[in-house]
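Chemist: Have a look at the structure that comes next, please.
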Amino acid sequence: MTNLRKTHPLMKIVNDAFIDLPAPSNISAWWNFGSLLGICLVIQILTGLFLAMHYTSDTLTAFSSVAHICRDVNYGWLIRNLHANGASMFFMCLFLHVGRGIYYGSYLFKETWNIGVILLLTVMATAFVGYVLPWGQMSFWGATVITNLLSAIPYIGTTLVEWIWGGFSVDKATLTRFFAFHFILPFIITAMVIVHLLFLHETGSNNPSGLNPDSDKIPFHPYYTIKDALGLLMMILILLLLAMFTPDMLGDPDNFSPANPLNTPPHIKPEWYFLFAYAILRSIPNKLGGVLALLASILVLLIIPLLHTSKQRSLMFRPISQTLFWLLTADLFILTWIGGQPVEQPFIIIGPVASIMYFLIILALMPLAGLIENYMLKPKW
């Protein structure tokens, strides 16, 4: 009798995606982040669902409903801390996943890469509307500042902002619709993840060498299920340590004060995972220019496949490109640091320099390094 998991219409899909999937034999721990992101999404949807059972999306009661969750709901404090820090884990895994894609040339799977970039943007949008929901000071002013950026769009800007606000300022209508968006977006993300996997399984996984792995494949289960389980265990450990011991380490103290439209916080800044983009936004003294640079900082990922000049796929055997990759990584750390600093000397000089370096490395230096490395491969005798 044939095995049920290979014949049953539903189980066959699961089997082909997670059990009998042929995987390259040499993929490293950098390939763990896809499954970790899937787990993060499940954790966020589940904790978010339980939070939504007790949360009220009204300006008068939103802040106190979050306090009520933490004080009066059974394990509400834990659910809230897991959800807030789960977002940080989500973005940590996302950045490492994208970094892996750039380092090993996975972006040459163009469909998978493009849907991945759209996923990144959607997750960022979800995190932004979610941050507004507790209705603290930084929630309110973050929403005001970021939505206001749309007013830089010529002609329709102001109308667009007021349409998104549902009035003439960030108020009750804004909070209600942001809650609706925050609830629906994770399910849209889940659908997009399935499409992401669908495209990936059309080609099969890339591997560290960047060579075609078809000659040496192993089944996903048990080899990579156990490997992913180790990664999962480590991520859950870090998440629990964060949620149990230092739940507010990555948050902003201003968000412990209820939203007050009459009192602006001294430093308006987003959560750590948006700081690099915020630094790029602030480094341009023109409003529209800043908004375009902010968009470009993420959308530049879409043109990376077009800028691939090397004969080799991976950076594994390309020392010049490797150096540039780690320079780019350091540059992103600098941008993250600058995004969290006040607008004063010397930070206002470092910001534009780091922003220029970011675009210069991706758009010019990396493609140039690929050409130089191609030339170095040619026999000279």
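Every residue gets a Cβ built from N, Cα and C, even glycine.
Found this in Swiss-Prot, in case it helps:
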- HIS83, HIS182: heme b b562 binding site (BINDING)
- HIS97, HIS196: heme b b566 binding site (BINDING)
- HIS201: ubiquinone binding site (BINDING)
- 33-53: transmembrane segment (TRANSMEM)
- 77-98: transmembrane segment (TRANSMEM)
- 113-133: transmembrane segment (TRANSMEM)
- 178-198: transmembrane segment (TRANSMEM)
- 226-246: transmembrane segment (TRANSMEM)
- 288-308: transmembrane segment (TRANSMEM)
- 320-340: transmembrane segment (TRANSMEM)
- 347-367: transmembrane segment (TRANSMEM)
Chemist: Are there residues at least six beyond either end of the transmembrane segment (347-367) with Cβ under 8 Å to its Cβ atoms? List them, or say none.
Modeler: 279-280, 282-284, 293, 296-297, 300, 304, 307-309, 321, 324-325, 327-328, 331-332, 334-335, 338, 341
Chemist: Considering pairs 6 or more residues apart, do the transmembrane segment (77-98) and the transmembrane segment (226-246) have at least three CB pairs under 8 Å?
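Modeler: Taking Cβ pairs at least 6 residues apart, the transmembrane segment (226-246) and the transmembrane segment (77-98) are in contact, with 3 or more under 8 Å.
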Chemist: Identify, among the binding-site residues HIS83, HIS97, HIS201, the residue whose Cβ has the fewest other Cβ atoms within 10 Å in this structure.
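Modeler: Least crowded of the binding-site residues HIS83, HIS97, HIS201, by Cβ count within 10 Å, is HIS201.
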Chemist: So how many other Cβ atoms are close to HIS196 (heme b b566 binding site), meaning within 10 Å of its Cβ?
Modeler: 21
Chemist: Have a look at the binding-site residues HIS83, HIS182, HIS201 and say which one has the shortest Cα distance to HIS97 (heme b b566 binding site).
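Modeler: With Cα distances computed to HIS97 (heme b b566 binding site), the winner among HIS83, HIS182, HIS201 is HIS201.
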Chemist: Quick one: Cα separation, HIS196 (heme b b566 binding site) versus HIS182 (heme b b562 binding site), in Å?
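Modeler: It is 21 Å, counting Cα to Cα.
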Chemist: Could you give the residue numbers and ranges of same-chain residues that sit at least 6 residues beyond the transmembrane segment (113-133) on either side and whose C-beta is under 8 angstroms from one of its C-beta atoms?
Modeler: 55, 57, 62, 66, 87, 90-91, 94, 98, 101, 106-107, 139-140, 142-143, 146, 174-175, 178-179, 181-182, 185-186, 188-189, 192-193, 195-196, 199, 270-271, 273-274, 298-299, 301-302, 304-305
